[in-house]
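What follows is one structure encoded as structure tokens, with my remarks underneath.
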Amino acid sequence: MHPRFYDFEATFKATTQRGSNMGTSYSSCYHSTTLSTHSLLLSHPKASAFHPSRFPNPCFKFHSTNQIPQTHLRIMSQKPSQVLGGKVEVGETQEGVSKGPMIDFHGIDEGLVEKMVYDALVWSSLHGLLVGDKSVQRSGKVPGVGMVHAPFALFPMLFPECHWKQAYELAPIFNELVDRVSLDAKFLQDSLSRTKKVDAFTSRLLDIHSKMLEINKKEDIRLGLHRSDYMLDEETKQLLQIEMNTISASFPGLGCLVSDLHRSLLNHYGESLGLDSKRVPNNPAATKFVEALAKAWSEYNNPRAVILLVVQPEERNMGSHEVAIVYFRVGYAPINYPSESEWRARLLMEQSSAIKCPSISYHLVGTKKIQQELAKPNVLERFLDDKEDIAKLRKCFAGLWSLDDSDIVKKAIESPGLFVMKPQREGGGNNIYGNDVREALTRLQKEGSEADAAYILMQRIFPTASHTFLMREGVCYKDDTISELGVYGAYLRNKDKVILNDQCGYLMRTKISSSDEGGVAAGFAVLDSLYLT
């Protein structure tokens, strides 16, 4: 027997920030969207790819929204033959971003890139590296109608193999940490007590958690599908954690497809580029997530039960079946709860015997405040016994501080570019950067309220910037970029028995270096893969 999957819009009518005003994915990652923010547009009205043979006299211009500063790498060209080999002018970059191209694209043959672009677009269509096209009215409503390739980098990003292995080694340790912290109700409630007073959304999640404590609700079977995100800091050469995602860890399906795409391209063109396809690691993220769900379904031990996916309203399937697992693709933002009925549905799910992914306690462990609390001295020792594991986790922790630390707040006001101000939110587009950090902190100080408890301060990480070719909506363009590595992890426990605790592949995202945010669905980044060095 195999588990059956159902999407229950009627059970939980949530909407999502990640998908608002965008198309719906038909890929194996459940839901993904696209939004162009900084594209190189061909002037030809029917332009769909970087292909001079189709456009005998193209001219180029950059299009950007107000979300992206006017800082970029310009490709200066008047003739097709000069597009990839012409003069390159580099604009100023944001403070702290070091420049060091990892692959020299200046000497790459134009004809070779044209062929790669064409082959990449065909491969994407044939293998499902696709998302809904927001410009097509019926996209997301009629299967097979209105699809476009997901945004991706044409070449894999060079990445040190030692740091890739380090991130993989950390995955099961973080999985265990999430589980241990989730069982410490007092730690969760105490750590978020001040946040609860000023953050209504976190307060409602804590209320559900409290109700579970009142009825002594035990989660005998606990399933976690996580993703820990990192950046490689150029100055210290350290892999530093950005955040731990315990709900709706996105892109396992599309991410693994990009790895397959890059291996396919290098199998054909690697010799000309001096790149070996074997250096692009296998990425089994989608398969391993599905296997984890299947194992959890087996532990539930009812062959007639189904797996419920909590998704967007547009994705409609209904069925009166016992639910073995509730897998949340939404539920991480206030917009997902437009009325009291959604909160009642969330409470009902939490009270049920179904396995929740995540449970309310796992959800709370993923908040920014808990991340900051775990970084304090001697806190990890409360949950983990192995000193080597504790040392490995601490090595990847970036600087994290509460806003009740007056010395750090003062430093952040003086040097806002060195910090990121984070609220208790997921989904991208919520963090505060640059001079906005100074303004927000100054305002909070003047107000003198406890509103500062809704935020934490984090050390800003500055990875090396490099030039690469990006693909979005059929157009190829070159820009100055930085990358972020996410490593998936799966954890399954039935009472005292650990059924599964392992890494589950990775997600590589590459974004324009002048952009603060990094979401793919929100239009800030493209999907990428690793080339191990």
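We count from 1, first residue shown onward.
Just so it is clear, glycine is given a Cβ too, placed from its N, Cα and C backbone atoms.
A quick note: this is a predicted structure, and the numbers were derived from the prediction, not measured.
Note: Arg227 (substrate binding site) has non-local neighbours Met244, Asn245, Ala249, Ser250, Gly486, Val487, Tyr488, Gly489, Leu507, i.e. same-chain residues 6+ apart with C-beta under 8 A of its own C-beta. What TrEMBL records for Arg227, Arg509 is substrate binding site.
Sequence annotations record features per position, and here TrEMBL assigns ATP binding site to Glu243, Lys368, 422-431, Tyr433, 458-461, Glu484, Lys511, Glu517. Residue density at Glu243 (ATP binding site): 19 other Cβ atoms are found within 10 A of its Cβ, drawing on all protein chains shown.
Positions annotated as Mg(2+) binding site by TrEMBL: Glu243, Asn245, Glu426.
As annotated by TrEMBL, domain 'Glutathione synthase substrate-binding' applies to 315-365.
Taking the centre of the Cβ atoms of Glu243, Asn245, Glu426 as the Mg(2+) site, the nearby residues of that chain (Cβ within 8 Å, site residues left out) are Arg227, Asp229, Met244, Thr246, Ile247, Ala249, Tyr332, Gly366. Per-residue pLDDT, averaged across the domain 'Glutathione synthase substrate-binding' (315-365), gives 90. Taking DSSP states H, G and I as helix and E and B as strand, the domain 'Glutathione synthase substrate-binding' (315-365) has 21 helix, 9 strand, 21 coil.
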